[in-house]
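Okay, so here's the structure we're looking at.
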Ligand SMILES: C[S@@+](CC[C@H](N)C(=O)[O-])C[C@H]1O[C@@H](n2cnc3c(N)ncnc32)[C@H](O)[C@@H]1O
């Protein structure tokens, strides 16, 4: 232990603070027990009380690790060897597993992933929201106390679920490659197979690479701003089978464009739309402002339930259509609609939830901050012949108070905010509007817990929480929450 001799009081400010000795330093190799998993999916272990995060390690394992980096309170270590293995560990199906950071839980049994996601939600509700969660171990009267957090609804087949890929194009050894950025860098690693996206997307990406290589197409270089092909975006409508291919280019001219079209349509007859998006800006934003149809239609169509959606090159659409339907059915269930209700859908995006609910409500008002999304929402309402929905562009926290002034009195308010959660002014407005029911759709359990606390303090009661696994093998979890005004019994 290093001893520190205190100096004269006048030296206090010129002397550096005494170093606190950490039990490990960079490059040390230690064996640790993994006692938990953090929200990034990294295993958590301790050396003499000092926390180390270990990517790829699972709770219950004993592992040999090498320390990569130390900070005052915690450090990071690399997994070298598993000494005692968790029964939840599975063989990773990717050959590229070590380089890709996107599927953080791919080494964990799927059922264990679902259990972990539910526990993550509970931990947030308890720690951040200071909420009582129903304890299943308790029976009798006490068992009635608290919020019911259901088991996570997972997928029957948790692979091949994504309907969209946005893949950067690069060059490796003079050859065109398409894949993903290596973890923590902008180096593109070539990828032939991604098991979480629809198989057709793999086929199209490989086809685009083959055509590009044959035609000598150059890949865009982020540093120099030179080269033509930046990204390839592929969208597949699961229900109709229609496919869109978007070539994002650094310039208007695509050499041999007829060959591109002929080769894509010959090999992939399900493709109904080939578009070009032009992005000449030196930025890592994928899309530029201008999109041209090179061949076929401007949009592809898909359904969520009975509602039809037109999807253009740039429009947002949920990426897991199977679980989206599960999520929206739960939202509909928690909204408790009979056909007589007025509903507000805050943060409505392209109006997917609004239109889904409008089939069962008297009137739905949707609000969203992105003008293009509201254009899509209105077009989709028209496409489905729905006249009982109205959309407005703006921030929910500005628009909904105005609606209140205009005398709109919702029975149900649905919120589906981005990760940062609801704006405090929106929560205040909900409390003054006093709808009977609130349904909170959340992609971030910590901001959900924070916002539920505000609603609880304002006279609302969180009844049940349904976690839904929209993104298997990643750390993300979506929740739908049933919330009642205190005086409402069911
Ligand atoms: C999680 S998405 C939900 C989209 C939609 N409900 C759906 O299911 O597809 C959140 C949406 O909120 C929008 N948004 C972000 N801040 C907003 C705000 N202050 N007011 C209204 N919309 C906002 C985003 O543009 C995004 O479309």
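Yeah, the Cβs are placed from backbone N, Cα and C, and that goes for glycine too.
For reference, TrEMBL has these:
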type: REGION; residues: 1-21; note: region 'Disordered'
type: DOMAIN; residues: 23-81; note: domain 'TRAM'
type: BINDING; residues: 318, 347, 368, 416; note: S-adenosyl-L-methionine binding site
type: ACT_SITE; residues: 443; note: active site
type: ACT_SITE; residues: 443; note: active site, nucleophile
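Listed in chain order, the extra residues whose Cβ falls within 8 Å of the Cβ center of the S-adenosyl-L-methionine site residues 318, 347, 368, 416 are 345, 348, 349, 350, 352, 353, 417, 441.
In terms of DSSP secondary structure, the domain 'TRAM' (23-81) contains 0 helix, 36 strand, 23 coil. Here the residue listed as 'active site' is positioned 12 angstrom away from residue 318 (S-adenosyl-L-methionine binding site), judged by their C-alpha atoms.
For residue 318 (S-adenosyl-L-methionine binding site), the number of other Cβ atoms no farther than 10 Å from its own Cβ, over all displayed protein chains, is 20. On the backbone, the CA of residue 347 (S-adenosyl-L-methionine binding site) and the CA of residue 443 (active site) stand 13 Å apart. Among the listed binding-site residues, namely 368, 416, the Cβ with the most fellow Cβ atoms inside 10 Å is that of 368. Predicted-model confidence for the domain 'TRAM' (23-81) is 96, expressed as mean pLDDT. Residue 368 (S-adenosyl-L-methionine binding site) is 17 Å away from the residue listed as 'active site' when you measure Cα to Cα.
The recorded positions examined here are 347, 443; by Cβ neighbour count within 10 Å, the least packed of them is 443.
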